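Chemist: Structure incoming, see below.
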């Protein structure tokens, strides 16, 4: 027997799935406890509207991009990923939209402010001093962090956070990284400053115009070394030619350093600082930033990480493991114990007998831990008191409530 199926039924399952996703999203929005932290979505929405209006591209290009951003917000599984990613998407869109902003809307370009500040604060122009002595091995040494690692390291650190950091760290990293870069791009728009290569190419105290193309600075020597035109083409067509302050190369490097130290502890501090100093040296050697730009980027990173650190997961030091304080004051011990009771405990003295842990005669009769044989892990040593309303703030920032 043959069954004839209407061709209209082929589209029934996708439509039903879409309907369920929309209804689930509506229910989540109704049940969500709105706070002031939710105003961030209005801010991001304004940026997306500005970018969509400003970018002069075909509708067949802008419409799929809008669907790519909006569609993942409906299914619950993709929503938890997409909400923190919105800050990064808004930064990338805003940076690209800068090329379409009319020159009449933009403020005056400052060409002497940054070198003057360098001379006043640091007693000279360190960028020009470093860029005056060049060699092939220095070019390659500066090219690696500035032209390669700057674009690769955020993804590597994000993967390390997903693998080693406590649950909830990756969304905070995405938002902190995105909002820092958004603040940097907005500052570059309202306070445009010429980088060191402008003085080298056009001379000191020369007026600048938005019609001037960008310049790869010292990276042009890397193009010549490899026989390519990559950095000539990309920097010449840069959407923000006069975006020297703050240095987002410096800001991103510091941000990665902060989260790396948070993840792996103080032992990662020397490597993190070495990477930051490497970025700083390469930015000045290649003629892209002054010292004051690098310090400004570091300040942006410190402020953004200080704000983001309020939403990072709290950690509890255990004997062999780190335990997260979960919402509502509960503990996720990750299969370490099955029963924990507290009664004013001051110290623990445990001995192993017969494959199980029992209290010794000298231990204080205040804490009882029943641990199964197949779950022989470290016991909880102490618990930190969670902050007031920390759960609601953290969920709003991480995007798990919506």
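Cβ coordinates come from backbone N, Cα and C, glycine included.
TrEMBL does not curate its annotations; it predicts them automatically.
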Chemist: For the feature transmembrane segment as recorded in TrEMBL, pick the matching range from 34-52, 53-71.
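Modeler: From TrEMBL, the annotated transmembrane segment range turns out to be 34-52.
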Chemist: Checking feature assignment: transmembrane segment per TrEMBL, candidates 177-198, 199-220, 221-242. Which range matches?
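Modeler: Comparing 177-198, 199-220, 221-242 with TrEMBL, transmembrane segment matches 177-198.
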Chemist: Which listed stretch (34-52, 81-101, 143-165) has the most C-beta pairs under 8 A with the transmembrane segment (177-198)?
Modeler: 81-101
Chemist: Roughly where does the domain 'Phosphatidic acid phosphatase type 2/haloperoxidase' (170-309) sit in mean pLDDT, to the nearest integer?
Modeler: 93
Chemist: Determine which residues of the chain contact the transmembrane segment (143-165) at the Cβ level, with the cut-off under 8 Å and only residues 6 or more beyond its ends counted.
Modeler: 173-174, 177, 219, 222, 231, 249, 252-253, 256, 259-260, 262-264, 275, 278-279, 282-283, 286, 288
